[in-house]
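Have a look at the structure below, then the notes.
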């Protein structure tokens, strides 16, 4: 790999692929079979150390864990100890990026140690070794796969080698000369080899022609470059001046020609396009044979990376199944990986909580579901939520709307009765013109009940509680004023005449109502201005649902508005209590107490439900509390008076009221 560094080796060009490309092919092979728990073994040389370093970088990028890494030691005991460590770590795939005798020692010790079902991935330096397959017991070490530079047969070259082998009986020169003479007649060069007699028989016998084409193409590339520099044609060269090396180097960098059907070219680092074969050692045959079971090629053109493995051609050792090398067992869907130790392949499986899911693209984190989706515990995906709100066609909604309509009708009916009998003592004692103001507030509040149903909008949210708060405040003010006015007539006028005179002359009742209602309107306006009621999606209340409802907005402002209504209720209750001993027709303590208790209980129930319960029926409870509060005043204050007006007219006379006053005066005087 260092030879590709043009800063150090600017004039180096080769016809054998860079080992970096071989590393790419090995990583693709590991990923093909999902082997993510491996060991890396090498030797103490640049070829191996550079390859191991590149493998570490590549495996880290692709989530492959190197469980064990070492340089093959010397000595059978040290090698045996290393193999025991590999077995102890449950490593099933061992990449051996090494050369020379250490690989032979490793495989010999693997046979002796009976390491079992291991996949050995061989680098091209020993993937086509001639000596290792001849070891006795090599079939017991497991499955051996390797990367090999794609070779190409040279016409006549194997015949030349065979002729050399067959002539190794002392008559080498004679037979080889005869062979060369025969081939020279066919147009080839006279390859006289006086040094061939010095080559030992074993070297010829173990000759490997894998790189023959690479040597041939290298010579041809130089010849092509020289041919272009000298401007030669088929017969003569036109250039006569001397040729310097850099001229040939420049031409070689630019070369792109076809030789025996293969393209010869070089990239910016002086490396050719990688072309590898994936070989499988078939140890079931004798002798062991090398079978091509795949290929790997890469270039910068349109074809890109081509990686093919024919799994059916591989005979896996022992079980016949592809070995599993994953470190920790993969998590089931819905569980995330939580690494422990230094390896990402060692992890615990932890369930994803509700509202989250684990995606295949990121198995280490539980991702939150989008706002409009949900999930159970241990989910691998999210589901769409259903949108829920209290619609008009709901049975409860229909029931409340009917009740609101009836109450509105009753309010109008009461107003008509009071209008017809407006000069009677009963109407005057109830408040006179102020009664019509109260009935108007009750009627409008009943109409606002419709805002609690259907799809929430900003205006619907504002017209719910703020409108009720203002109108109900007006009703409570009128009740308080009416009760206070009766107390003034019977208890304060005699003792504090100037106070009573001021109250009557300055129209104190309307001043109080206007001031209190104005203050409530101001607080409601402040509430809406700061952060008023508004539509919102509640995705936390109910699993699998989006509750579409109105939020209260600023809770401090909401609390202040309700507290003011509560304060007026307490004031009204206090006035009615002080007037409990007034004449019967002027004594409203019982009816006012009933109305206020209903108001208190319903709103305490609503606020409790609002805090502890979440769901689409919260607006229903709110509407019930509003309707019950309005009904308490209508039924507790106005209906009894209508009953007297319509069915007990004898009690609705001036004489009857005067009699009640006289009886009260006598009672007070006698005490």
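Cβ atoms here come from the backbone N, Cα and C positions, even for glycine.
For 396-422 (among others), the entry in TrEMBL reads transmembrane segment.
In the predicted model, the domain 'G-protein coupled receptors family 3 profile' (396-661) shows an average pLDDT of 85. TrEMBL lists 396-661 with the feature domain 'G-protein coupled receptors family 3 profile'.
Using a Cβ-Cβ cut-off under 8 Å and counting only residues 6 or more beyond its ends in the same chain, the transmembrane segment (434-455) has close neighbours at 389-392, 394, 397, 400-401, 404-405, 407-408, 411-412, 414-415, 418-419, 427, 461, 463-464, 467-468, 471-472, 474-475, 478-479, 481-482, 509, 513, 548, 619-620, 622-623, 626-627, 630, 633-634, 638. The annotation transmembrane segment is assigned in TrEMBL to 434-455 (among others).
Feature annotation from TrEMBL assigns transmembrane segment to 467-490 (among others).
Annotation source TrEMBL lists transmembrane segment at 510-530 (among others). Taking Cβ pairs closer than 8 Å, the transmembrane segment (510-530) reaches residues 434, 437, 462, 466, 469-470, 473-474, 477-478, 480-481, 553-554, 557-558, 560-561, 564-565, 568 in its own chain, all 6 or more past its ends.
Sequence-distant contacts of the transmembrane segment (555-579), counting only residues of its own chain at least 6 positions beyond either end whose CB sits under 8 Å from a CB of the stretch, comprise 465-466, 469, 472-473, 476-477, 479-480, 483-484, 486-487, 490-491, 516, 519-520, 523-524, 526-527, 530-531, 586-589, 592-593, 596, 599-600, 603, 607. Positions annotated as transmembrane segment by TrEMBL: 555-579 (among others).
For 591-613 (among others), the entry in TrEMBL reads transmembrane segment.
Among the features that TrEMBL reports, transmembrane segment is placed at 619-639 (among others).
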